[in-house]
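*Asks:* One structure coming up, written as structure tokens, with questions to follow.
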Amino acid sequence: MNRIISSNIGYPRIGAQREWKKLLESFWAGKLPEEQFLSGLEGLRLTHLKVQQKKGIELIPVGDFSLYDHMLDTAAMFGLVPKRFAYYGGPVPLATYYAMARGTQGAPACEMTKWFNTNYHYIVPELNGLTPTLTVNKPLEAYREAKRKLGIDGKPVLIGPYTFLKLSKGYAPEQLDVLIELFLPLYKQILTELEQEGAVWVQIDEPILVTSLSETDMERIADIYSQLHAAAPGLKLMLHTYFDSVEHYERTVALPVQGIGLDFVHGAERNIAALRTHGFPADKALGVGLIDGRNVWLADLEAKLQLLDEVSALVPSGTLIVQPSCSLLHVPVTTRTEEQANAELLPFLAFADEKLDEVVLLGKAAAGERTDAVRSGLEASARLVRELNASPLRNRATVRAATRHIAGGPSARQSPYSVRHILQQNKFQLPLLPTTTIGSFPQTPEVRQARKRWRTGEWNEAQYRTFVQEQIQAWINIQEELGLDVLVHGEFERTDMVEFFGEKLDGFLFTRNGWVQSYGSRCVKPPVIYGDVEFVQPMTVEETVYAQSLTSKPVKGMLTGPVTILNWSFVRDDISREQVAYQIALALRQEVEALENAGIGMIQIDEPALREGLPLKQQDWQHYLDWSVHAFRLTSAAVKDTTQIHTHMCYCEFHDIIDAIRALDADVISIETSRSHGELMQSFDEHTYDQGIGLGVYDIHSPRVPAVDEMVRTIERALSVLEPELFWINPDCGLKTRGVEETVASLRNMVAAAEQFRACCDKA
Ligand SMILES: Nc1nc2c(c(=O)[nH]1)N[C@@H](CNc1ccc(C(=O)N[C@@H](CCC(=O)N[C@@H](CCC(=O)N[C@@H](CCC(=O)O)C(=O)O)C(=O)O)C(=O)O)cc1)CN2
Ligand SMILES: [Zn+2]
């Protein structure tokens, strides 16, 4: 008989009412003194621990809370502060920590990128020859706090050295071994101090183990862990993996640690197959990630228990730790606040708190407990999941037939890009290096308040519409005055680029309070795709046509692409993601047609999440890229040659998917180049990319106003690689998070930078 323990891997930090976000933003705005800010955060942190304690979770993670981001915390703990932030050792001051995250007028922020295949963004550590030191033992502090204040013997959490180094930048691959030697003593010290303090389990996250690693990588990892184990032999090290199956199962489970955490939801088949083939070492605990930490559906606990029994039979006498598949950072906090909004679907949903209840119930059931509560909990979950899958909303014959029809049909533009390019240039007569923006303009408190008034009934539909039109008008004027070449309406009517479409399409449900952290204090409320997706009526035509009526310059229509809507929603898991993507593509294709019929000549279809959906293992890439490119083309390809299709991607590594980017066959793609300083232009060069490229010449995630010179340098770098005729000039993403003044000032500088270039190109 196995010993069963219930555990959690990480708890959302934002708070059930986004208290965390509000504290951070008031502090940044200077409205909250530091002391109150820190005590507010402490209150929240302890509340979260108490919730887990009360639910009966045995291994409660500590140290997963953050002041911004867990990668940034780790970098700060090691004193890895880039030179530009003027740091001289010791614990990193709060102001420096936030300067790294957000930038200051004098020092641009650190780069930010996607955490594996999630919509969570971390701050990329910059090593650049810095020597790491242990400025503070953060897991130890967290452990002490939980013990002293709540009597919780917590499980300190830290990011493992290999994942940390692999996700950092500012070093050459051949320096990795030297770096490991620099970091190992620090990790050893952290662990030794935890051991002395009396910690039992320590969770070391190494999600890098689910990506495609080489033999050399595995040798390094084996060496790292034998050293860490030797440094603190009394600690139980729980090496955690998540988001997919481990790539080198045998070598991973042989590592000298006391526990291995595997994902039994994402990559479950491969992990189970490996377990079946190779068994599991008798001297280790197995962390069984059974409850989906990436989605919001209630689990079928009978089925989960069956899987656990199967696993149990393969791990005859060890300890099984029942837990979510990954940190619950990626799901909202609780469904309790949804009671009024979603009565019908509520029984089928489980957010973080409800998932922890599932973990505890499953743990009890696995330990053989069969009280009435356990029995009815198991039965009810299985029954509800069956009920949901059978619901008519999930099975609309018309949608299924239309999707089949269109997905099998043609998805190519009428003419190749070379032909379209000439036709479009004749039509639009744009200057060299045309300037534009990515779509959204500042969502000011005024805009958000207006929407709130309308939602709560204080304003009627007409009042809200008038308000949105006034915003559009004001910003068309601003754009004309700035001298931008292609204008946008500004997206004032949208809460979020995905949620907005979700609300207008059939098959989606939206939550009232289902917030998830995206980066820093910024949160998203992913819609829930519960049924077959269907177009109802035009979603963007009215605002776009209105904007176009106010100007003689082209106004670019603005849609979110099918793959991004898919990747940024919580998606039903009873049919394939590919099928859902085609359903969304079919619906959006009708929107594209509606825009074109209404006389809109440029349409941008954003796909910022295409890259993040890329599977973590190379062997799975092609299939994903094939269907996601197909979905994009189903959406975009039916237009006339003279209609210009734009797309936009941000904050990701493009190198891996450059062929897919080309295969999208968009006329213009705008990409981020500011925080990564043009590194990625190289990829475009190597692949002789010859379609339009919008250069994201400044970082919109930072409040600082970039100087003309800075942007000129970014443009120069790109132009040294590819022909000037290919380029457009734009910010690296939408401007919704920015203030009005800084936006206007930045855009003015951007237009000036483009003009400076045009003048010198004309001379040449
Ligand atoms: N889904 C998604 N993922 C994405 C992006 C994106 O745009 N969307 N962009 C990239 C970067 N991520 C981002 C994520 C969030 C935000 C962002 O601005 N989020 C807003 C929330 C947006 C929103 O839904 N706002 C609601 C307002 C919700 C609200 O707080 N309302 C107040 C009232 C209004 C107020 O006082 O502010 C209330 O209910 O009390 C609206 O506009 O209507 C925030 O955290 O502040 C920006 C970028 C990558 N991933
Ligand atoms: Zn973007």
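Using the three backbone atoms N, Cα and C, a Cβ is placed for every residue, glycine included.
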*Asks:* May I ask you to find which of Glu387, Glu491, Glu493 TrEMBL records for the L-homocysteine site already listed with Ile438, Gly439, Ser440, Asp606?
*Replies:* Glu491
*Asks:* Of the residues Cys733, Cys760, only one is listed by TrEMBL in the Zn(2+) site with His648, Cys650, Glu672. Which is it?
*Replies:* Cys733
*Asks:* Let me know which member of Glu480, Glu481, Glu612 TrEMBL also records as binding 5-methyltetrahydropteroyltri-L-glutamate at the site of Arg18, Glu19, Trp20, Lys21, Lys114, Arg522, Cys523, Trp568.
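*Replies:* Site partner of Arg18, Glu19, Trp20, Lys21, Lys114, Arg522, Cys523, Trp568 for 5-methyltetrahydropteroyltri-L-glutamate, according to TrEMBL: Glu612.
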*Asks:* Where among the recorded positions Arg18, Lys114, His648, His701 do you find the Cβ with the fewest other Cβ atoms within 10 Å?
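*Replies:* Across Arg18, Lys114, His648, His701, these recorded positions, the one with fewest Cβ atoms within 10 Å is Arg18.
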*Asks:* Do me a favour and check the Cα-Cα span between Ile438 (L-homocysteine binding site) and His648 (Zn(2+) binding site); whole Å is fine.
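*Replies:* Between the Cα atoms of Ile438 (L-homocysteine binding site) and His648 (Zn(2+) binding site), the distance comes to 7 Å.
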*Asks:* Measuring Cα to Cα, tell me the gap between Glu612 (5-methyltetrahydropteroyltri-L-glutamate binding site) and Cys650 (Zn(2+) binding site) in whole angstrom.
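*Replies:* Cys650 (Zn(2+) binding site) has its Cα 10 Å from the Cα of Glu612 (5-methyltetrahydropteroyltri-L-glutamate binding site).
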*Asks:* Using DSSP and collapsing to three states, where does Trp20 (5-methyltetrahydropteroyltri-L-glutamate binding site) fall: helix, strand or coil?
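*Replies:* DSSP call for Trp20 (5-methyltetrahydropteroyltri-L-glutamate binding site): helix.
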*Asks:* Given a separation of at least six residues and a C-beta threshold under 8 Å, show me what packs close to Cys523 (5-methyltetrahydropteroyltri-L-glutamate binding site) in the same chain.
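*Replies:* Those within reach of Cys523 (5-methyltetrahydropteroyltri-L-glutamate binding site), by Cβ under 8 Å and sequence separation of 6 or more, are Ile14, Arg18, Lys21, Trp515, Val516, Gln517.
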*Asks:* I need the nearest neighbour of Asp606 (L-homocysteine binding site) among the recorded positions Trp20, Lys114, Glu672, His701, Cys733, using C-alpha distances.
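*Replies:* Its closest listed neighbour, by Cα, is Cys733.
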*Asks:* Determine the Cβ neighbour count for Asp606 (L-homocysteine binding site): the number of other Cβ atoms within 10 Å of its Cβ.
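*Replies:* If we count other Cβ atoms within 10 Å of Asp606 (L-homocysteine binding site), we arrive at 25.
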*Asks:* Nearest to Lys114 (5-methyltetrahydropteroyltri-L-glutamate binding site) by Cα distance: which of the recorded positions Ser440, Glu491, Cys650, Glu672, His701 is it?
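*Replies:* The answer is Cys650.
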*Asks:* Quick one: Cα separation, Gly439 (L-homocysteine binding site) versus Cys733 (Zn(2+) binding site), in Å?
*Replies:* 8
*Asks:* Over the domain 'Cobalamin-independent methionine synthase MetE C-terminal/archaeal' (433-755), work out the mean pLDDT and round it to an integer.
*Replies:* 93
